[in-house]
Amino acid sequence: MDRKITSAKNSDAEVTCAVLAGLTHVVIGTNLGLPGVILPQLTDPTHQDLFLNTSQVALFGSLLHVGAMAGSLMGGILDIYLGQRVTLLLAIPFCLVLWLSMSFTSAVWVLQLLRALLGITQGFIGIASTNYLAEVTQSEIRGRLMSFLDIGRQSGILLVFVVGCLDLTWREVMLVCGCVTTVPTFIGLLFLPNSPRWLVTRGRVKEAHDALIFLRGPHYDSKLELQSIVDHFNNVTVKKTSTMRQMKQMQEPNVLYRLLFMAILTVLAQFTGSVSIVTYVVPIFQAANSTLNSYGSAVSIAGLRVAGTLVFMLVVERVGRRVLMVTSCLVCSVSLLLLGVYFLLQNTGIDVSILGWLPLISLLVYMPFVVAIQALLSILRSEMFSTSVRAIAVSTMFVVFYTSMFAVTQTFPIMTEVIGEQGVFWTYGSSCLLLALMTTVLLPETRGLTLEEVDDTFRYGKKIVLTIPCA
């Protein structure tokens, strides 16, 4: 009890790390939301600037995810040798250069290339910030602080939607987003320590101890936590720190099981419709014959996603991962089912004017819970793998993440044509139910466990009795 109280009093540095890690994800959010606010200008033939045809628009949207896949693969290697913090310090300035270059480009092919390169930096940032925050935070508050990543990402979407509402050209939108999301974050990262767990993997134990003192405070028993990290690393990994050794260790059955399980959860989570509904929120409202302003609807949806993530941060360490995941999936499934019913009635010629409120209400209920699903998956990605393979394993999971994101955004228009809007939303609702089932049956509760205890739970099947942490 004394240790938890002491750590809670000395968690200011960890909160600072969480805020700065969250700011790196604002970059990712602005990348995701950018097409929705600048494509109207880029597809206007009367606009005296660059013009994108239909195929170029699809390429502009998808190249970000293709680049992110490549960045996720390379980012894991950089994390191993340079550490997460240094990787972020390299990626953030490069990201600013790309934003500025896009805002001044005069050729479509250059714009597309820069968009793909921006995706690569997004892959670097996603892996490094996720692993860094997981490794510097204590088990009692890890879930809550990891939520800052999702708050940052949702805030980035909101930011670019709000900027898009202003009377700015698409070039000015890029300038604003590029400068606002990168400069303050880079400056803040300069004052943070490297991850103590990464330092242990490189044999820099003294620096790891100094990092723990910075993070936990001088009155916390840092030596005890350091010894636990070192012992677990030596016993489980036998100092498997190189890329090839990590790849070899990932072939172990227990690690392969976790990779497969996490990959399935990741794909199912993307097919809950979170990204595709945000990407196509304007066409969805138009198909529902909504009279609401498209940009206003986009801002309200983005704002609700931020609010949902904030609520998630407050309850995640009180409710637990499994209960929150199952509850969120069930609520999302019901919301999507009702939305599908609305479109079925409309597409069969039935007058649904009396139900004109249903699409908006369904999405307003859906959004806070679907971001909780995404936030939980972010936490599980960082918790599920041991320090010895975390860099490569999380890198692999981000490849799956961006591949499934690419797939769901690309298939939404095709699925709408083939099975109708109702079929699309019922498919997403079914994915929610399957995700809830897998969570109930296969996912152990990780709330309140250290990263080493989580690894032991998956590795040895230990039954750990959890207690509710002190508020």
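For all residues, glycine too, the Cβ spot is worked out from N, Cα and C.
In TrEMBL, annotation is done automatically, which means it is predicted and not curated.
Record features (TrEMBL):
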DOMAIN    17-447  domain 'Major facilitator superfamily (MFS) profile'
TRANSMEM  12-38  transmembrane segment
TRANSMEM  58-81  transmembrane segment
TRANSMEM  88-110  transmembrane segment
TRANSMEM  170-192  transmembrane segment
TRANSMEM  255-282  transmembrane segment
TRANSMEM  294-316  transmembrane segment
TRANSMEM  323-345  transmembrane segment
TRANSMEM  357-380  transmembrane segment
TRANSMEM  392-412  transmembrane segment
TRANSMEM  424-443  transmembrane segment
Check: Between the transmembrane segment (323-345) and the transmembrane segment (424-443), do 3 or more CB pairs sit under 8 angstroms, pairs being 6 or more residues apart?
Finding: yes
Notebook entry, point to check: Taking 3+ C-beta pairs under 8 angstroms (sequence gap of 6 or more) as contact, is the transmembrane segment (170-192) in contact with the transmembrane segment (294-316)?
Noted result: no
Checklist line | Arithmetic mean of per-residue pLDDT over the domain 'Major facilitator superfamily (MFS) profile' (17-447) | finding: 84
Next item on the list: Count the CB pairs under 8 A between the transmembrane segment (255-282) and each of 88-110, 294-316, 357-380, 392-412, then give me the winner.
Entry: 392-412
Item checked: Positions on the same chain near the transmembrane segment (323-345), where near means CB under 8 A and six or more residues out -> 272-273, 287-288, 312, 315-316, 352, 355, 358-359, 362-363, 365-366, 369-370, 372-373, 376, 420-426, 428-430, 432-433, 435-436, 439-440, 443
Check: So, does the transmembrane segment (294-316) come close enough to the transmembrane segment (357-380) to give 3+ Cβ pairs below 8 Å, pairs being at least 6 apart in sequence?
Finding: yes
Checklist line | Surrounding residues of the transmembrane segment (392-412) on its own chain - C-beta under 8 Å, 6+ positions past either end | finding: 58, 61-62, 65-66, 68-69, 72-73, 75-77, 79-80, 119, 123, 126-127, 130-131, 243, 246-247, 250, 255, 258-259, 262-263, 266-267, 270-271, 273, 275-276, 279-280, 381-382, 384-385, 424
Next item on the list: Could you pull out which residues elsewhere in the chain have a CB under 8 Å from any CB of the transmembrane segment (58-81), counting only those six or more residues past its ends?
Entry: 31-32, 35, 39, 42, 52, 87, 90, 111-112, 115-128, 131, 198, 201, 241-243, 246, 279, 391-392, 394-396, 398-399, 401-403, 405-406, 409-410
